[in-house]
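TrEMBL has this to say about the protein:
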type: COMPBIAS; residues: 1-12; note: compositional bias 'Polar residues'
type: COMPBIAS; residues: 112-129; note: compositional bias 'Basic and acidic residues'
type: DOMAIN; residues: 128-166; note: domain 'RecX first three-helical'
type: DOMAIN; residues: 174-215; note: domain 'RecX second three-helical'
type: DOMAIN; residues: 223-266; note: domain 'RecX third three-helical'
type: REGION; residues: 1-129; note: region 'Disordered'
Amino acid sequence: MSGAASDSNASRSDLADDDLFFDPSHPDRSLGALDGHPPAGGRFGGGYSPEGGRSGGGDAPAGGSRSSGGDPLGGGRSGGGDSLGGGRSGGGYPLGGDAQRGGGPGRARRGRAAERPPEPPRSESETAREICLRQLAVRPRTRAELAKTLARKEISDEVIAEVLDRYDEVGIIDDAAFARMWVSTRHQGRGLARRALANELRLHGVEAEVATEALETLDDDAEATTARALVDRKLRSARGTPDQVFRRLVGMLARKGYPAGVAIRAVKDALAARDAEAAEFADQIDPDALADEAADPLS
């Protein structure tokens, strides 16, 4: 028996070495398949597959093979080892084009931004100009208002004068134009009289001479017309006795800066046109006497 087995093994070895009994139409049926060395494309449980075969173990150097272990070098999917071709692996180091946590272009951009050199510090003049332009973007400002804001921001007096003088020269700030605009819009929009407007201009830092010039655009007739329009609008919703209504409306005009005589006449004329009761009350009103009392309440 040992002799027969030995002869059989020798014969099989000789056949494998000489590639005998190879069937081209059925390569997996050749005698070589029995020795664990299939020709091209064979499928087997173990060993080495040179032509993209699928194996349970070993090395798969060619592309597209899938293995449970080993080193897939051609983009295969493996449960372990290193993936050199952009494949997905459960372990090891993905060396190809896989997205990796902690990297990517976003972090690179943030890194480049962090590497930018800091901006050089701005001069005090540049800071002052920026503050002024921000203030002027909200609404027109007087020179005094801008100077007060700059001082609060701890800008030196020399720089304040330098910047504001330049703005005066080019017309960025113009107190006369500001005063004219203020008088027009506040009189038409809020019904303010010259006395109230003069006080507001003073609070904004407009010089008295400049304010007087702007207030000359209003006269007595303009104030009387505006006062009557205000009274007529309020009278439509007024409640109470004629005396109560009279006092409330005169007080409203006084708060808007109207002289006592102008306010009393405007309310008297409006009450006279309202109804019989109000007209009878209005007839008893002496605007001049009441104006004198308002001017000198101790008399």
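Note that Cβ sites are derived from N, Cα and C of the backbone, with glycine treated the same way.
Residue counts of the domain 'RecX third three-helical' (223-266) by helix, strand and coil are 34 helix, 0 strand, 10 coil (DSSP-based). Counted with DSSP, the domain 'RecX first three-helical' (128-166) comes out as 31 helix, 0 strand, 8 coil. Averaged across the domain 'RecX first three-helical' (128-166), pLDDT in this predicted model comes to 96.
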